[in-house]
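**Student:** Sharing the features that TrEMBL gives for it:
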- 316: active site, proton acceptor 1 (ACT_SITE)
- 445: active site, proton donor 1 (ACT_SITE)
- 445: active site, proton donor 2 (ACT_SITE)
- 154: chloride binding site (BINDING)
- 315, 319, 343: Zn(2+) 1 binding site (BINDING)
- 75-82: disulfide bond (DISULFID)
- 284-302: disulfide bond (DISULFID)
- 470-482: disulfide bond (DISULFID)
């Protein structure tokens, strides 16, 4: 009730000021481009455009879906009739641990289905209300539907075609990775895994959504005897704490001449960087928060001491750095140049942080031999995270755009979801699905009303940023070995772009950072070119 009341109070404030100041403004009545740009955005009221009773209904249904997702629990495979309140498994860390460690095909299939029964299926009926009211809010803002409202942030009338073009660039790389990984999975699971149709079951990739495959890295490692990278062990051996991981990330940004951000992870100032131990049910999904006062920023994350969370910290710190850099812009411009920019910044830093070159510099990697085999292994590790994600990053919102536009009817929602997962990811459900299921709703961003295509854009954009910062730092090729740690030149280029916030079209900001004006996957393809050639060779030899 508190959250609902706060939402309604904020909406009333926004609507009052919108009706008083912005409702009847026409950007074309002004000459100054910055004023025109602000008016264009201020004329969009969002959900607050709904009447209070419908806003209450939309807020309630969204909060209910989010709560169902965040509190969902399942029984363990070996005790399927458990007492959920005492023995139930939550998604983080319990279910994630099953996916990351289990090699039992049947256990994985059980957990995969049980999670969707406990989360997505329970919000299916709510989702129709959410879609209808979201579309009504979008139309009140003069958009055709919620999908068009979301795409508006990208300022491109051809945005859907732009995304399809990016996918066409990266699809050949994904297909080679999928073939190689599929062969390894077939070796692991044998006759239980049916890949005769070219599709792989969605539950065997070490991840609830098959959206990244890092947990099967050991299975698919091209050269098992090459020099190894075990940062999890190094972090523990060197007594890293959660706090020390945040401090190390903060130092990386400062080494580039960027702004310190200790406040964002200071527990005494309200930052939550570890899962509470007092029994509270919380959403553990990592997030960064701008309190909009120009000085307060916080990170919320259930951090554990491992390399994955070490990398995620750098991602969240990227959001904080962006907040800090554009803090002096007018409030309307205190956003990313487009939603993908915000996601890309920290990941750009993480590309540098995760290189063996950098890990050696900060003493998390020792006795590492850099050769062709270890380089291919490192690229494979990166591809299992970055390349494997691309189709899922695209299809989640392509599905929602179709739902919002009415191109797909409610009685076809789940089938359409699997059409896209088959088309883009080349995967299929491990058990039979029907329209009684609602598998998209088992994903946080769908249940919680958050855009997702920004992550696809970010996965392309980060490589464009990375290549530009590597050039600024004077780093030698190949691209995948670049580390711009301690480069003030790279920091200046990044600062010049980030400080603009949303005050300029994203193509202008992209040009400041990269000297390019178009989203392009060429830098990503250059980064993974040695791996692509290796995969082509391996897949050809095993045909």
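Don't overthink the numbers, they just go from 1 along the chain as shown.
Even glycines carry a Cβ here, placed using N, Cα and C.
Note: TrEMBL annotation is automatic and uncurated.
I'm curious about the neighbourhood of these features; can you describe it?
**Tutor:** Its Cβ placed at the centre, residue 316 (active site, proton acceptor 1) has 24 other Cβ atoms within 10 Å.
Counted within 10 Å of its Cβ, the other Cβ atoms near residue 445 (active site, proton donor 1) come to 17, all protein chains included.
With a cut-off of 8 Å between CB atoms and residues at least 6 apart in sequence, the same chain places 162, 338, 339, 340, 457, 506 near residue 154 (chloride binding site), listed in sequence order.
In sequence order, 315, 454, 455, 457, 458 are the residues near residue 343 (Zn(2+) 1 binding site), counting only same-chain partners six or more apart with C-beta under 8 A.
The Cβ neighbour count for residue 75 (disulfide bond), using a 10 Å radius and every protein chain shown, is 18.
Around residue 284 (disulfide bond), a 10 Å sphere centred on its CB holds 20 further CB atoms from the protein chains shown.
There are 23 other Cβ atoms within 10 Å of the Cβ belonging to residue 470 (disulfide bond).
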**Student:** Report the member of 82, 302, 482 (the disulfide-bonded residues) whose C-beta atom has the most other C-beta atoms within 10 angstroms.
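**Tutor:** The largest 10 Å Cβ neighbour count belongs to 482.
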**Student:** Roughly how many Å separate the Cα of residue 82 (disulfide bond) from that of residue 302 (disulfide bond), to the nearest whole number?
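**Tutor:** Here the two Cα atoms are 26 Å apart.
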**Student:** Beyond 315, 319, 343, what residues of that chain have CB atoms within 8 A of the centre of the Zn(2+) 1 site's CB atoms?
**Tutor:** 288, 316, 318, 342, 344, 345, 346, 347, 458
**Student:** Using C-alpha atoms, which one of the recorded positions 316, 319, 482 comes nearest to residue 75 (disulfide bond)?
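**Tutor:** Checked the recorded positions 316, 319, 482; minimum Cα distance to residue 75 (disulfide bond) goes to 316.
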**Student:** Please report the Cα separation of residue 319 (Zn(2+) 1 binding site) and residue 302 (disulfide bond) in Å, rounded to an integer.
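**Tutor:** Answer for this pair: 17 Å between alpha carbons.
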**Student:** Find the shortest Cα-Cα separation between residue 302 (disulfide bond) and the recorded positions 316, 470, 482, and name the residue that gives it.
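**Tutor:** Result for residue 302 (disulfide bond): the nearest of the recorded positions is 316.
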**Student:** Among the recorded positions listed here (316, 470, 482), which has the Cα closest to the Cα of residue 445 (active site, proton donor 1)?
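**Tutor:** Closest recorded candidate to residue 445 (active site, proton donor 1) by Cα: 316.
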